[in-house]
Each structure stands twice: as structure tokens, then as C-alpha cells.
Amino acid sequence: MLLQMDSITKKYGEFSANRGIDFSLRAGEVHAIVGENGAGKTTLMRILYGMEQPTSGTIRLNGKEVSFASPLDAIQSGIGMVHQHFMLFPSFTIAENIVIGNEPGAGAVFDRKQAVKTVEELCEKFGMKVDPQAIVSSTAPGVQQRVEILKVLYQGADIIILDEPTGVLTPLEVQELLEAIKQLSKQGKSFILISHKLNEVLDVADRITVLRDGAVTGVVDKHATDAHEISRLMVGRELLELDRKPITPGDKVLEVTDLSLRGTKGKPVLDAVSLSVRAGEIVGVAGISGNGQSELLQLISGLAQPDGGRIAVAGKDVTGKAPRDIRESGLAHIPEDRYVWGANRTATVMDTGLMGHHRRLQKSGLLKLKDIRALVSGWVQKFSIKTGSLETSTQYLSGGNLQKLIVARELEQGTPFLIAAEPTRGVDIGAMETIHGELLKRREEGTGILLVSSELTEILKLSDRVLVMYEGRIAGELSAKEATEEKLGLLMAGGTLQ
Amino acid sequence: MNKWTKLTLPLLQPVAAIIVGLLAGAIAIIIAGGDILETYAEMWKGAFGGMYFFTNTLSRATPIILIGLGAALAFRAGFFNLGAEGQMVFGALCAALVGLYMPGPGWLVCIAALLAGVIAGGLWSVMAGYFDSRFGVNLLISTLLLNYVAVLFAGYLVAYPLKDRSGSAAMAQSEMLDNSVWLPKLISGMPLHVGFVLAVLAALIIFVVLKRTVVGYEIRMLGGNPLFALFGGVKRGPMMIGAMFASGGLAGLGGAVEILGSQYRYIDGALSTADYAWTGIMAALLAGSNPIGTLIAAIFLAALQTGGMGVERNTEVPLEVGDIIQAVLILFISARFTYSFLKRRKENKSDGTAV
């Protein structure tokens with residue numbers, strides 16, 4: 001056994017993040033750790049990487065007991081970690097980013113040529129292609145991910161920890177990454193993969209450890225399990241089957257005609273986009289982020305103004321109107337970025353939850369605090385939002401819990417039209433199930449929903465129709481029946497369907 | 001976080017700032033060759049020693065409270081209104097003009113003068129708000145520069161067309177108000193006037209408005225995250241005009257009560273040298289723009305000033321000791337700003353789906 005972690009326990013005051021976790025890793029193995037938010041995955045990895053000290057428990061590397069006081073110790077023992085958010089210097093070249101910390105050269109002189117050569121050899125050896133001279137900021141997320149892995153390999157890692165590595169990648173890049181992981185494991189490298197995407201885990205991992213509430217609920221072999229079993233181990237109960245009842249769509253609740261927005265570099269951000277959403281229909285918008293989806297939503301909700309075209313919500317022309325007026329015409333909006341648009345960090349949970357409802361829950365200008373408290377605490381229960389109290393400052397909510405609060409707030413507006421942008425970003429499986437269930441319930445009640453998501457599985461699961469955006473245009477439309485991940489992936493990458 | 005720390009934590013920084021301020025003052029006293037305890041005792045007596053000095057402090061605090069509340073209101077809405085001085089001066093000037101030239105019974109003239117002060121200060125402030133939303137003139141700069149315009153214009157008026165020529169003194173000042181329009185004193189023979197009651201009421205009203213009303217909610221959200229407020233349907237334009245009017249109006253009222261309750265005429269430079277406006281802004285900053293906190297901070301800062309005068313009267317130590325304490329306070333309050341700013345930046349970095 002290459003690595004053995006025995007009964008690792010980590011306590012923060014009263015709270016146990018890890019409770020007696022056993023974990024092992026063989027040489028050349030890909031071992032995935034899955035679990036919901038707060039299950040203790042990241043804590044365990046931080047302990048292994050020397051960023052945290054365990055309250056009790058031992059770590060053995062090749063049979064010898066070790067303890068890491070800092071990541072430097074871990075790196076020297078051959079453990080490398082690629083963090084969820086890339087830690088690269090964007091304005092430096094790939095080669096410079098990879099050799100940092102152990103630069104070739106004599107004395108104070110940095111040998112750039114040698115660095116490039118070293119990186120080229122590294123790429124050759126591990127079969128991962130990058131251009132060492134390219135500036136990092138000009139490369140795609142998939143390339144940056146490879147740079148992170150090469151950096152870890154350059155440091156001589158044999159055990160590589162990947163924390164949610166596919167979050168920002170396109171489907172094609174995900175495939176390439178999984179392929180690279182398989183290749184490297186054949187060459188003897190071992191991987192610990194933290195993820196919540198079960199299909200990726202099942203594709204690449206040899207074994208899967210499932211955590212729930214800081215404890216191991218199962219260690220399973222890839223060949224002896226399926227997504228169903230893993231999610232049951234993660235959630236601790238059976239997941240409900242979502243069923244999308246057939247529904248006859250009603251009137252148009254959103255009609256966008258020839259919407260255009262000029263970009264800064266002459267290329268249009270939105271180029272004559274037309275689409276509509278009917279009552280009782282979920283229309284999914286797929287696309288690699290940065291192809292105009294964010295701008296489309298901002299124009300529809302009045303947060304920015306178009307250069308051309310018309311927008312009608314619930315039959316009313318709202319082109320050029322303020323967000324307030326559009327909301328009053330019948331829009332609710334789960335925003336893409338919860339911290340920029342969705343919350344006031346310094347306000348209380350109750351205040352953040354109140355937005356949009358505050359004009360309703362009043363009597364001659366005075367807020368009905370009792371009703372508001374009842375409303376928000378109802379959401380806290382229904383979506384099991386973990387918060388100290390309603391007076392807790394919003395900034396102390398975890399991302400997933402804040403997302404649940406925002407979703408509850410916007411669902412509750414009771415409007416005929418709803419924008420759901422990345423509605424389950426960063427939430428765990430249990431909450432995802434609740435949110436998906438609620439969206440479908442709204443649909444049955446006759447709400448028209450425009451769903452924008454970078455998760456193709458989510459789009460395919462919920463949508464009646466799927467639109468694909470590519471370079472500011474609608475590149476294609478597929479019905480729920482026609483849509484598959486392959487077809488969508490092709491359209492998203494700028495291809496066409498024969 | 002338990003309840004106790006939650007209640008005491010926000011107080012920690014101001015209290016620490018005050019302690020360090022007093023220590024710095026002690027050093028200044030030593031340098032000036034005074035006795036620390038004696039000087040601070042004189043300072044206490046000058047501010048709170050006896051009915052007269054206590055009411056004198058409250059009277060000095062009155063315009064500071066009103067101006068501080070105005071600043072706090074604007075800050076809460078996210079508008080950095082630094083034009084309190086100009087707004088106060090215009091409020092004072094217009095109150096004096098109405099008091100001098102409006103016919104009618106004294107009580108009516110007094111109320112009209114107060115209202116004139118509110119409107120003058122409010123409109124002067126709204127003008128800067130309008131420049132910002134219409135032409136993109138940075139509010140901080142425009143409010144700051146409009147101070148000079150207001151102060152110099154008022155100075156011109158009382159130096160030439162409206163100059164009091166009845167007295168022998170060659171001072172630039174308006175005529176004296178008839179004593180029928182003066183704000184009544186709260187206790188006869190003491191400097192404290194009805195303006196103080198207005199200031200306390202204003203603090204309570206603003207406290208309730210911010211906490212309990214729809215408008216107050218929108219103000220807080222706008223100040224906390226303007227994009228979130230916009231997203232939720234708060235209209236920035238009208239909110240800005242409203243907040244700037246209320247903010248400037250309170251500063252104008254501060255100037256008006258000072259004229260009608262203490263000085264009874266507009267004297268060029270009298271309001272500026274007393275530093276009411278900047279002390280008010282400082283009170284708002286010291287209290288983190290909390291209205292009740294602003295009230296308390298304003299009284300505290302006024303006490304430092306009246307206490308400093310007491311020190312100068314009775315010891316060899318100069319008046320400026322009070323200023324030194326104030327200056328150190330500002331430093332420590334700005335340290336808090338930098339600290340919370342850094343904290344926010346750190347949080348931004350660790351955003352995302354942790355765990």
C-alpha cells in the first residue's frame with residue numbers, strides 16, 4: 001500500500017469535520033472521494049497535504065509513519081495537490097509557471113531556455129501537450145489545468161490530489177483530462193480525485209470512497225457499483241426519481257426578438273438572438289461560458305441595455321425598462337453569480353432573503369417583520385439551509401447554503417416567468433434534488449423557465465427544449481427527445497449537426 | 001459566535017481607539033509640561049462638570065449630531081456625501097434670512113426658518129447627486145468642492161449686501177435675529193436649546209426607518225451591494241436623490257438650529273471654525289453609520305472640544321490636546337476601514353464551493 005490514512009479525526013471545537021476516517025491508496029491507482037458539501041472531503045485532503053493537523057490518527061507513506069507540518073513537507077514526500085481554483089501567474093509563460101520554486105539556472109540567473117526544454121521533456125514523458133512559451137492568461141481552462149498537473153509532476157509528485165478538477169472545463173476538455181489521468185496512472189502515478197460528478201468518477205476511478213457527515217459510508221470498487229448506489233451512500237437515503245410530466249405549453253411568457261449587443265472588440269456579444277419560452281415549459285440554454293449567455297440574461301432582466309431587438313415578458317414589452325419594472329411584469333431570476341447579484345454579504349440572512357419580497361410584505365411602508373421571519377425560516381427548513389440564525393451575516397453562509405437561500409427566494413416570487421442560471425452550482429446532491437424538484441413543480445404549475453447551465457446533465461434532465469449558444473448566436477435547437485450530450489457538445493464547440 | 005462577543009465585538013475598535021487617543025493625549029500633555037491627571041480632570045470638568053458645562057456640551061453637540069446623522073444616512077445608502085459643511089452653511093444662511101425678513105408671529109417664523117434650512121441644505125446636496133447621476137461627476141469630489149462655493153458665497157453675502165451695519169464692529173455678519181424667533185431654551189439660563197430635542201428625535205426616527213421600513217431596507221441593501229439592490233428592483237436614481245436630500249437636509253437643519261438656538265445671526269466663518277461639519281462626519285464614521293451610535297459619538301466628540309476649552313481656561317496646556325486625541329481617533333478609525341477592506345479581499349479570494 002502506497003498511502004495509508006488510519007482513523008483520521010479532525011475536530012474544530014465541538015464540530016467534527018472528520019470522524020475516524022480510514023483511507024488507502026495503491027500505487028498507480030485512481031481513488032475518488034465523493035460526498036456532499038460538508039462531508040469532510042476537503043478537510044481530509046488538507047490534512048494529507050499538510051495544511052491542517054489531524055486531531056488524532058496516523059498517516060503512513062510506504063509503510064512509514066509521516067507527519068506533514070506544511071505543504072512543503074508533503075511536496076517533498078511526493079504528494080502534490082491541484083486546487084479547485086487555479087494557482088497560476090496569468091501574465092507569465094507556461095514554462096515559468098511550471099518551474100517556479102525550483103528554477104533551472106546558475107546562481108541568480110534564470111535559464112529560460114533550459115526551463116522551456118525541461119517542460120518540453122516533461123510534456124513528452126507524460127504525454128501531455130502544452131506550448132511552454134504561451135502566456136497562461138491566453139490559454140483555455142483545459143490547458144491551465146494541464147499546467148497545474150505538470151507543475152505537480154515537475155515537483156516530483158507520485159501522489160496527485162485533484163480537487164474538483166472539472167468544474168471549469170468544457171465537455172471536450174473534461175474528456176482530455178480524464179484521458180490524461182488514465183495515462184499517468186498507467187505510468188505509475190497515483191491520483192486522489194475529489195469530485196461530485198459521478199459519471200466522471202465512474203469513468204476514471206478504480207475505487208471510490210464515499211463520505212457522509214465526516215465519516216466513511218462506503219469504499220466501493222468501480223466494477224461492483226453504479227451511480228445509484230454511490231448517491232445513496234452519499235445522501236444516506238434513496239433519491240427520488242424525477243418525473244417530467246407531459247405538459248402542453250401555454251402562452252409565451254418570454255419572447256426575445258433579434259436581440260443584439262455590441263462587444264468591445266467589434267465582434268458582437270449577442271447577434272440577433274431570438275427565442276421564446278412558453279408557460280409550463282423549461283427551455284435549457286447550453287453553451288460554454290462566455291458565448292453570450294450571461295449577457296442575454298442581463299438584458300432580459302434589465303441589468304444592461306441592448307443595442308437592438310425587443311424583449312417581452314408575460315406579453316408586455318419590457319425593452320429598455322428598469323429591473324424593477326421587469327420584475328413587476330412577471331420575472332423572477334436566480335442569478336448566475338450569487339455574490340455579485342444574489343446577495344448582500346454584510347446583511348443578515350433575513351435581509352438577503354427578503355429582496356424582492358419587501359415591497360409585498362409591508363403595511364404603509366413598515367416591514368411586516370413577523371411575516372418576513374416566518375417566510376424566511378420556512379425556506380431555511382424546507383431547503384435545510386445551514387445557518388446559525390436568521391440574524392447571521394450572509395457572508396458566513398457556505399456557497400451551497402447561500403445558493404439554496406437565493407433559489408428559495410426567487411421561486412417564491414410566484415411569477416409567470418423564471419430565469420434559472422446555474423441553479424445548482426455548488427450545492428450537494430440532496431439540495432440539487434430539492435431544487436430540481438421545485439423547478440419541475442413550478443413548470444407543472446405553469447411557470448415558464450429559462451434554464452442556463454453549464455452542466456449538460458442538468459440541462460438534459462429538466463429541459464423540454466434545448467438551445468445551444470455559440471459566439472453570441474443560437475447555434476441550434478433540439479427537443480428533449482433529440483438532445484444528447486454528444487450532439488450538444490458538438491454544437492457547443494461550434495460544429496453543426498448533419 | 002455567542003451573544004456576548006457579538007454585542008461587544010463592534011465596540012472593541014472604537015473603545016480601543018479612544019484609549020489609544022487618550023494615551024497619545026497624555027504624551028502631548030507631558031510635552032506641554034502639564035500634569036496628566038490634572039489636565040484630564042480639567043477636561044472632564046470642562047465637558048461635564050456641573051449643569052452649565054454639561055448643557056454647553058450638549059448644545060455644542062446638537063449641530064454635530066444632526067450633521068452626523070445626515071452623513072450616516074448617505075453612507076448607509078452607499079453615497080459618500082462629504083458636502084456637509086456647504087449644506088450646513090446654506091441651511092444656516094437661509095434660516096437666518098427667513099428669520100430676519102419673513103413677517104409673521106415669532107414661532108411661525110422660527111418653524112419656517114428651520115424648514116428653509118432643511119430645504120436649502122437638501123437642495124444643495126441633491127445638486128451634487130444630480131451631477132453624479134446625469135454627468136458622472138464623482139460625488140465625493142463634487143460634494144467636497146461645493147463646500148467652498150457655499151462657504152465663500154455665504155461669506156460674500158454677509159460681507160457686502162447683507163452686512164450688519166448697525167453695530168460698530170467691522171465683522172462680516174448678518175443682523176441679529178429678533179428674539180421672538182429664537183429657539184426656546186430647554187432650561188432657562190443654560191445654553192441648551194430645543195434643537196437638541198430635534199436631534200435626538202431625528203436619531204430615533206432614522207434608526208426606526210433604517211431598521212423597520214421598506215425605504216430603510218432598500219437604503220441598506222443599496223449601500224451593502226448596489227448590484228444586488230439593482231437586481232432586486234431598487235431604483236438607484238430616486239434613492240440617490242432621496243438619500244442626498246435627506247442627508248443634506250439634516251446638515252442644513254444642523255446649521256439652522258445653530259443659528260436659531262445659539263448664534264442668532266450668520267457670522268462668516270463661525271460655523272466652519274467650530275468644525276461642526278467634519279466633526280459630524282467623524283461621528284458617523286466612528287459609529288459605523290449607526291444612528292444611535294452617531295448620537296453618542298457626536299456628544300463624545302463635542303465633549304472633547306468643550307473639555308479642551310476647559311483645559312485651556314484652567315491650565316497651561318493648550319486647547320489642541322483635544323485635537324490631538326481626535327486626530328489619533330481618526331487614524332484608528334481609518335485603520336478599521338483598511339482592516340475590513342483587506343478582510344473582504346481575502347474572502348473574495350477563497351470564494352467558491354469549499355468542502
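Just so it is clear, glycine is given a Cβ too, placed from its N, Cα and C backbone atoms.
Features of the protein shown, as given by TrEMBL:
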TRANSMEM  B:12-32  transmembrane segment
TRANSMEM  B:52-75  transmembrane segment
TRANSMEM  B:106-127  transmembrane segment
TRANSMEM  B:139-162  transmembrane segment
TRANSMEM  B:182-210  transmembrane segment
TRANSMEM  B:217-234  transmembrane segment
TRANSMEM  B:240-260  transmembrane segment
TRANSMEM  B:281-304  transmembrane segment
TRANSMEM  B:324-342  transmembrane segment
Quick one: do the transmembrane segment (B:182-210) and the transmembrane segment (B:12-32) have at least 3 Cβ pairs under 8 Å, skipping pairs fewer than 6 apart in sequence?
no
Near the transmembrane segment (B:12-32), which same-chain residues lie under 8 Å Cβ to Cβ, leaving out any that are not at least 6 residues past its ends?
39-40, 286-287, 297, 300, 316-318, 320-322, 324-326, 328-329, 332-333, 336
Do any residues of this chain, six or more beyond the ends of the transmembrane segment (B:52-75), have a C-beta under 8 angstroms from a C-beta of it, and if so which?
45-46, 81, 84, 87-88, 121, 186-187, 190-193, 195-196, 198-200, 202-203, 206, 219, 223, 243-244, 246-251, 253-255, 257-258, 261-262, 271, 274, 276-277, 279-285, 287, 289-291, 294-295, 297-299, 301-303, 305-307, 310
Among the recorded stretches B:139-162, B:240-260, B:281-304, which has the greatest number of Cβ pairs closer than 8 Å to the transmembrane segment (B:106-127)?
B:240-260
